[in-house]
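The structure follows.
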Amino acid sequence: MGSTLNTIFLVTVAIAALFQISLAQRDYVVGDALGWVIPPGPSVYATWAANKTFTAGDALVFNFLNGSHDVAKVTKANFDSCNGGNALLLLTNSPANVTLNETGSHYFICGFSGHCGAGQKLAVNVNAAGSSPAPQPSAAPPRGSSPAPLPSSPSPAPVSGPTRSPTTYTVGDNLGWTVPTSGASMYQTWANGKNFMVGDILVFNYVTGTHDVAEVTRAAYQPCNTSNLLSNFTTGPTRITLQTAGEHFYICAVPGHCAAGQKLAINVTGSSTATPPSPSPTPSPSPSTATPPSPSTAPPPSSTATPPNPSTPSPAGDNNNTPSTPGNSATSLSVASLTATLPCLIVAFLM
């Protein structure tokens, strides 16, 4: 009888231990929906890591466009100086999974020129299982950069017809204005369901020197033609006040960025009751200008053309596969480990 009770006790302890391990190990998608890109501000990834507790056995998942970014694990000295020349580990295919097998501080940067300096860097502190969590390391702002200022709220301006206060829209929300990793239609998905009115303001958040904002015609929008821009803004953040009704088309004119999905088409109306214009084969939209507001609404046009893959050259070993997006929830050890263990314990019990 005593032997049976001991066996039952050991089985219970083993099962509890397996469940404890499965609950402890997690996958963290770096940047969540933003992915691993040049961020709209230099402290984005430090802020993302600040409220998380990383434990030995957890994994970091870096989602990015192959050929546009990579993941380099470096020393603290090289992290601070953005030196990717002597990387401890270099991953060029997305999604890049890094298992945190050791406790202590771990440092990751993008090895592409200028990307780390623009804020594409991450430092994490890894704790031993069951220990008190240590604070995450604070990353100093990249050299020569300053945080992107937040857009200020516009003052309402009188307009004819039905009115409302002008609305300021941050393009892409937290993602900002960048090459999207979640698909070529990301910015059209963001615009769907929004009512853009004359007087509203679009704010494009990006790091100066890495992107720009160009307004183009519909004919130039589909093929990402940058030869005849209606307007071009090169300093982030760019604020554009929508002063005319009709269709407006914006792209990033940096080579390969528009083709990779960094493009936005919207419909603007001067009245909250107006019917959105039907796109004609060759509309000639008027350019928006970055001057003060004055309001009114319409849903954005849908973009059906699927842009080609970006032409940015791939680093060595890159197969340019489109990254899959793993789930952002905590993942536990495979149930298969429990399934394999339980029969062994039952056999032990019967013997």
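Placed from the backbone N, Cα and C atoms, the Cβ positions cover glycine too.
Residues or ranges marked as compositional bias 'Pro residues' by TrEMBL: 148-159, 276-313. Residues or ranges marked as compositional bias 'Polar residues' in TrEMBL: 317-328. The domain 'Phytocyanin' annotation in TrEMBL covers 26-128, 167-270. Per TrEMBL, the feature region 'Disordered' maps to 129-173, 270-331. Positions annotated as signal peptide by TrEMBL: 1-24.
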Quick check on the domain 'Phytocyanin' (167-270): DSSP residue counts for helix, strand, coil, in that order please.
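DSSP composition of the domain 'Phytocyanin' (167-270): 13 helix, 34 strand, 57 coil.
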What is the average pLDDT across the domain 'Phytocyanin' (26-128)?
92
Taking helix as H, G and I and strand as E and B in DSSP, count the residues of the domain 'Phytocyanin' (26-128) in helix, strand and coil.
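DSSP composition of the domain 'Phytocyanin' (26-128): 16 helix, 35 strand, 52 coil.
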